[in-house]
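Annotated features in Swiss-Prot:
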type: BINDING; residues: ASN111, LYS168, ARG288, HIS321, SER368, ASN619, LYS676, ARG796, HIS829, SER876, ASN1127, LYS1184, ARG1304, HIS1337, SER1384; note: substrate binding site
type: ACT_SITE; residues: LYS166; note: active site, proton acceptor
type: BINDING; residues: LYS191, ASP193, GLU194, LYS699, ASP701, GLU702, LYS1207, ASP1209, GLU1210; note: Mg(2+) binding site
type: MOD_RES; residues: LYS191; note: N6-carboxylysine
type: ACT_SITE; residues: HIS287; note: active site, proton acceptor
type: SITE; residues: LYS329; note: site 'Transition state stabilizer'
type: ACT_SITE; residues: LYS674; note: active site, proton acceptor
type: MOD_RES; residues: LYS699; note: N6-carboxylysine
type: ACT_SITE; residues: HIS795; note: active site, proton acceptor
type: SITE; residues: LYS837; note: site 'Transition state stabilizer'
type: ACT_SITE; residues: LYS1182; note: active site, proton acceptor
type: MOD_RES; residues: LYS1207; note: N6-carboxylysine
type: ACT_SITE; residues: HIS1303; note: active site, proton acceptor
type: SITE; residues: LYS1345; note: site 'Transition state stabilizer'
Amino acid sequence: LDQSSRYADLSLDEDTLIRNGKHVLVAYIMKPKAGYDYLATAAHFAAESSTGTNVNVCTTDDFTKSVDALVYYIDPDNEEMKIAYPTLLFDRNITDGRGMMCSFLTLAIGNNQGMGDVEYGKIYDFYLPPAFLRLYDGPSVNVEDMWRILGRGTTNGGLVVGTIIKPKLGLQPKPFGEACYSFWQGGDFIKNDEPQGNQVFCQMNECIPEVVKAMRACVKETGSSKLFSANITADDPEEMIARGKYIMSQFGPLSENCAFLVDGYVAGGTAVTCCRRNFPKQFLHYHRAGHGSVTSPQTQRGYTAFVHTKISRVIGASGIHVGTMSFGKMEGDASDKNIAYMLQDDEADGPYYRQEWQGMKETTPIISGGMNALRLPAFFENLGHSNVILTAGGGSFGHKDGPKIGAISCRQGEEAWKQWKAGQFGNISLSDGVIEYAKTHEEIKGAFLTFQKDADQIYPGWKEKLGYTGESSVQAASFDWAKRASAAAFVGASVAPAKKENVVARQALDQSSRYADLSLDEDTLIRNGKHVLVAYIMKPKAGYDYLATAAHFAAESSTGTNVNVCTTDDFTKSVDALVYYIDPDNEEMKIAYPTLLFDRNITDGRGMMCSFLTLAIGNNQGMGDVEYGKIYDFYLPPAFLRLYDGPSVNVEDMWRILGRGTTNGGLVVGTIIKPKLGLQPKPFGEACYSFWQGGDFIKNDEPQGNQVFCQMNECIPEVVKAMRACVKETGSSKLFSANITADDPEEMIARGKYIMSQFGPLSENCAFLVDGYVAGGTAVTCCRRNFPKQFLHYHRAGHGSVTSPQTQRGYTAFVHTKISRVIGASGIHVGTMSFGKMEGDASDKNIAYMLQDDEADGPYYRQEWQGMKETTPIISGGMNALRLPAFFENLGHSNVILTAGGGSFGHKDGPKIGAISCRQGEEAWKQWKAGQFGNISLSDGVIEYAKTHEEIKGAFLTFQKDADQIYPGWKEKLGYTGESSVQAASFDWAKRASAAAFVGASVAPAKKENVVARQALDQSSRYADLSLDEDTLIRNGKHVLVAYIMKPKAGYDYLATAAHFAAESSTGTNVNVCTTDDFTKSVDALVYYIDPDNEEMKIAYPTLLFDRNITDGRGMMCSFLTLAIGNNQGMGDVEYGKIYDFYLPPAFLRLYDGPSVNVEDMWRILGRGTTNGGLVVGTIIKPKLGLQPKPFGEACYSFWQGGDFIKNDEPQGNQVFCQMNECIPEVVKAMRACVKETGSSKLFSANITADDPEEMIARGKYIMSQFGPLSENCAFLVDGYVAGGTAVTCCRRNFPKQFLHYHRAGHGSVTSPQTQRGYTAFVHTKISRVIGASGIHVGTMSFGKMEGDASDKNIAYMLQDDEADGPYYRQEWQGMKETTPIISGGMNALRLPAFFENLGHSKVILTAGGGSFGHKDGPKIGAISCRQGEEAWKQWKAGQFGNISLSDGVIEYAKTHEEIKGAFLTFQKDADQIYPGWKEKLGYTGESSVQAASFDWAKRA
């Protein structure tokens, strides 16, 4: 069909789309195949990428159309096409609602990469709107953290000089450690190369300890920090986590110095997310090896390198390799600096879109590939800065004087550029400036002597200018392992045999003498079983010798470097990859990879497919001398194949469930529910019910999962109901494939467990679908290992980016599917071998043979599977009953799984009949094959069968174009004389009400109208009712009321915008949808008051709207915030909107726990009763960070001599220098001593904040185990703003007897008066009482150093009183315990009296750091002075000083109390400001400033 009327709207304006923020925009270069109209093809492309089908299906409704992807721009002459994807289309996590990059890729470069009418389509840019971008984590750590570790601050820290230990493979543990030691003498950073990890010859548990020893030695010797990037890539997320934990256990206190490298392209985005979420504090080093398979300019499939790196920032890479922008050996161009800008700037222009990152951390560019000191200056000049990470292997290890000097030379390359840039060499060229610098710096001068080809090219005349008259080539320094024996104490080195010779020429070499051996015999290699064999089509660039290029390819794929390096030994050479066959005329090349090269799991020693891909299509995909290189086949020897799991379940298990035995069970008739996106839960269940009346198997399509409009917890129960009903009615088992794909492995596991909990005894009937190409092999392994009994349905959407015959990069579709069997897919989509709509050829049947047979021939190798279970071919893409017979005849059998969407839902008589017709297509072929129709053609045989089978006859009437093509003369033979096209049956949802008992369907009211224009609506008639009375709303108690300051954008009506705001915050959509009924409207949020002049708006939210716990039915603050300041914060028509107050009705308030402990419990412990216990004098141990355990304990001891309460400051917890298991015992000792000495109880607040709730609980339990009988004296501090309300609830529910100390650090990001988004500080603190904080910091109400105002006392009243007025509402707390105000921030004894007077009482907790530790006589006296500040105010309030001012009253008190008098002498600026004339009144004539007492730790012992 020409779908342009539905999937294209060229009137859409890009600026408007961006302003509205509801669409992801994607720019493609797309070319239709010859003879196809551009717009029609573009619309088909958008349809295939969203909700579309090849034929009209009976399940499309208006809501479906509202989430169509739309082509909004085309330029056929330049092959440009832009598509807008509604953000609702994309899948979300069920665990946290976050976004999933695999979902974006599944749609944007999924099935559209294999379309029959598209020559090619490649993403050149994309734009994520702000609200959608916020669903992605972004980086948690980046180069700023590296700079901090290196002691360079956090801005403009410059070049991080790093290396790759060369050779990339081949070193054993001790030589590896020695190489690290040598480089770190001069450099900063070492990375594992992408294939390194846990090879048999260099196991992680032997290698990492050597690295740690080397790091410790170098840190000690050089006085500088060092960094290491350890490769944790694995197929299995559990293996990645195990690797990461092991490495951190070895690095210990140096853990922050260790980055984790992930091969993000070959292992997939799931691996990246696994690393980031499990190790959020480690620098996530994204290695892109293999990306050139897709990104290369040589192909127009997939996406560009720019897009690939932009994606890396979205998904949270700390750093990613970006090539060398033409200044190194890899493909690239100087304009690639735009890639770096997109990674590092907060706003940056791509080729088509400007992306605003809205404060998302930058991703740091990592440069490598032929770089050395001589190439760096021009690179920096092109980029404009040097804030990148360098990993120069040859540039350091290839330097004539060794890696230390090589590293220093690279740093000098940066310095030379900086000095030239600053004009220090005068008005000369950059090349001459570097030469001038080199005259006085031997290290970079040595780089000229080493890398002379580079010098000749970049620095003309350098020999004369540097006075060099020597030979044209200089040898690299011999890295003498024996000489390095002096390092043995540090790196556990062993002395290598003296015979080793590794001093070789230092130019770009023909490496065929080492990496090629054409005498090797393939049969012998296979018999020996020690090598993985890989066959490529490879073409060198013009002017390059074939064998030399092939050898370079093998070197780059294994142990090689561009230059000879000083670390190569005999063992290294034993694991070289070897070219053993070439045929330049046919561009054929074969390489033998020693099996020892490949990485293994540390948990179980099993193989890792990501390691194979990293070597076989890793860096070789971007080589400067290679035009292209693509894998066409590979061979795994038996012993190596056994290291892979293979499938655990396959179609035989399906047949068993379906009652067909376990052999030759034939076609499994399945479908994709169409449209693939757009159906809501009940219609989805109804569609399942309808198909299963005739069919076997339904799959979620690849982008389906947990969309907002079709959430898993609503959809899966409908599917289960439908399955149960159909099993009962038809007497046959049914099968369903549920999509569990996610970026985060934990999310995948959570999805799988939830689905199985719903299917219950039908769990074996449920397969799990994984988008194996876009999410990567790690996701496949995650599924297989966690759910070994489920059919693992591998969807390959997007694979065409690599496998398409249009490109000669990466690997073929044959290789891709062969890999799927190795890694354990139960079934994989294999196309339709030219019999459907997708690209393919009849010879693709060899793919199926390789998947299903125990021995099979590929294009180059025969593979013996040695009993490994088969992987079942899944066919889809335009298939229907008419196309199946010829497909089976070509394949030779029908033991496949069919997922025919249009073939069932497009059938004129509906999906049940469509499914039956497909089964009849198989039966017709079988009968013809058995000769039941005599000696006639297959097409005539199918026609004969159709004469007596109405269902397949109906397929002829439905799919007439196919009938005309495949079955000539069918109309006459079947006696058909009707119209040439028949409409698909209308799938009437109301008629489907007969299924209500099974799928929970309800019949829509007849009056419902849902066919509306696709424009933004004025929703005020539905979402606003200004006649509502606030007092009545409060009396009725059915609504939460929220008062906002809201301003529409220019040109928008206030009421219409307010109604849109309420709609967006509750039940609304941008267009009317067919699922709205009267109940929906009953829970609409309603605008009940507006004052446009003052920008005031009030909304009433029905309490039924809010989410509740499934465990206990209690309320959830996150649900309130999601609605009240959720999506409305990113609306295109709203300038700003901020909550200023809210009201919770009594019955709703009771759903929240409130505080379980508060200051009354503190007073009781302190022996002050439970009412009016007054000020709790506390402090923060200063400095907030930096004290070690014993000094920390001593500081506690000193303060507790006079004070009550000490809190960990918000960043304190378990720093390396002050670990919790060392610090807390010191605190307990100090508390015990002070309780005994002073006779008074003491209190401590320990910070248990952590990202992981399990970590918080572990911290809390440990602390209580240490405090023992003093546990009630210990509060738990939670950084409630930065860690979120979930952390607060975690603490309160797990430790209900502890005082919950809510620290609000960071809240100013939202609450500051400087912004009109989010909510105010008043609202933030009011929320804290609702969710159960015992105490919260409230600022100092203008009396301290923090922002605030005297009127902020209303915050304290709302926290402490049982009824209190906010700016808009009076809240009755109905006996809910109070939350205690905590004051800090510049407070001391002199500031307290006026604070108490403003507040009206002193029932607060003070945490005064400077006010105690800053007192001239030390913290004990400082604490006592604060208590005296309260007492002075009380006495003045009681009139004990007569009718004088408060300031004079405090001075009177001070005359007889030395401690507070000392505060006057210490804090003289405060005294001058608050107490005029204090010096004269106190008789003080001394100096104007007094130093604080020296806190002598030794004296304090």
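Cβ atoms are placed via backbone N, Cα and C, with glycine included.
As the structure is a computational prediction, the values presented were derived from the model and not from experiment.
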(Q) Name the residue among the recorded positions LYS191, HIS287, ARG288, HIS795, ARG1304 whose Cβ has the smallest number of other Cβ atoms within 10 Å. (A) ARG1304
Q | Coarse DSSP state, helix versus strand versus coil, of LYS166 (active site, proton acceptor) | A | coil
(Q) What's the number of neighbouring CB atoms sitting within 10 A of the CB on LYS1207 (Mg(2+) binding site)? (A) 26
Q: Mind giving me a neighbour count for LYS699 (N6-carboxylysine)? Other Cβ atoms within 10 Å of its Cβ, every protein chain shown.
A: 26
Q | Local backbone state of ASN111 (substrate binding site), from DSSP in three classes | A | helix
Q: Could you check which of the recorded positions (ASN111, HIS287, ARG288, SER368, LYS699) sits closest to LYS1207 (Mg(2+) binding site), going Cα to Cα?
A: HIS287
Q: Can you grab the distance from HIS1303 (active site, proton acceptor) over to SER1384 (substrate binding site)? Cα atoms, rounded to a whole Å.
A: 11
**Q.** Length of the line joining the Cα atoms of HIS795 (active site, proton acceptor) and ARG1304 (substrate binding site), in Å
**A.** 45
Q: Taking only the Cα atoms, work out how far SER368 (substrate binding site) lies from HIS287 (active site, proton acceptor), in Å, as a whole number.
A: 11
Q: Quick one: of LYS191, GLU194, LYS699, ASP701, which recorded positions lie within 10 angstroms of ARG288 (substrate binding site), measuring between C-alpha atoms? Sequence order, please.
A: GLU194
Q.
Spatially, and counting Cα to Cα, which of the recorded positions is closest to ARG1304 (substrate binding site)? Options: GLU194, HIS287, LYS699, ASP701.
A. HIS287
